[in-house]
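Q: The structure is given below, and queries will be raised subsequently.
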């Protein structure tokens with residue numbers, strides 16, 4: 001499938017030779033970043049912060065979406081309960097990052113697609129409950145295209161297939177500008193989830209798409225996610241002639 005990358009290096013800063021007019025921003029334009037290599041968590045966090053800062057200071061500056069993979073790590077949302085870490089803090093098997101998103105501890109690793117969306121909800125809908133449900137629907141729509149039934153569970157956030165959670169959602173929002181987003185387990189090693197209570201849900205079962213579609217790879221799913229995000233949030237991808 002087409003893995004063409006429409007991007008500009010985030011390290012250079014979102015204002016580097018970018019001229020996004022109010023008319024473009026109002027049509028919900030966004031830059032799409034699909035790094036070819038696995039990205040350290042702290043690097044991607046820095047990219048998001050750059051765009052977040054610029055969107056807060058100038059609402060018509062570029063929005064951005066990333067679809068990428070991380071090296072193995074754990075992340076904890078604001079207010080996460082450390083009792084959900086099944087190891088001593090000073091003896092962690094993997095890096096642990098405390099970040100400004102909702103939700104409890106989760107696990108990132110290669111073979112899992114992480115989607116980060118830095119969007120100005122003033123250009124979409126200023127409703128966080130709506131936004132969470134839309135992110136879930138992005139994943140459910142992709143699963144439907146793959147012939148897998150994805151579903152929500154009443155009172156919880158995320159996406160399940162049968163009795164296994166395959167997609168997680170965790171967002172931050174400041175002045176109606178979002179950060180963080182979703183993760184979807186594709187063909188990853190799930191052993192790291194044994195070291196935590198995922199999302200604070202005791203006895204939750206975690207699954208991956210390869211449980212239902214043996215041999216499926218990240219490169220098979222990324223284009224579907226790209227189109228699902230674009231369609232759900234009515235985005236137009238801005239093309240930049242520079243690669244990560």
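Including glycine, each Cβ sits where the backbone N, Cα and C put it.
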Q: Can you dig out which of the ranges 1-21, 22-42 Swiss-Prot describes as region 'Disordered'?
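A: Based on what Swiss-Prot states, region 'Disordered' spans 1-21.
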Q: Given residue 103 (substrate binding site) and residue 165 (site 'Lowers pKa of active site Cys'), what distance in Å do their CA atoms have, once rounded to a whole number?
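A: Taking the Cα atoms only, residue 103 (substrate binding site) lies 15 Å from residue 165 (site 'Lowers pKa of active site Cys').
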Q: Please work out the mean pLDDT for the residues of the domain 'BPL/LPL catalytic' (59-244).
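A: That stretch averages a pLDDT of 92.
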Q: As a test of the contact definition, list every same-chain residue at least 6 positions from residue 105 (substrate binding site) whose Cβ is closer than 8 Å to its Cβ.
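A: In sequence order, the residues whose Cβ lies under 8 Å from that of residue 105 (substrate binding site) (at least 6 apart) are 74, 75, 76, 77, 80, 84, 85, 196, 197, 198, 199, 200.
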Q: CB neighbours of residue 168 (substrate binding site) within 10 A?
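A: Total other Cβ atoms inside 10 Å, all chains included: 25.
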Q: Could you round the CA separation between residue 101 (substrate binding site) and residue 165 (site 'Lowers pKa of active site Cys') to a whole angstrom and send it over?
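A: Rounded to a whole number, the Cα-Cα distance is 19 Å.
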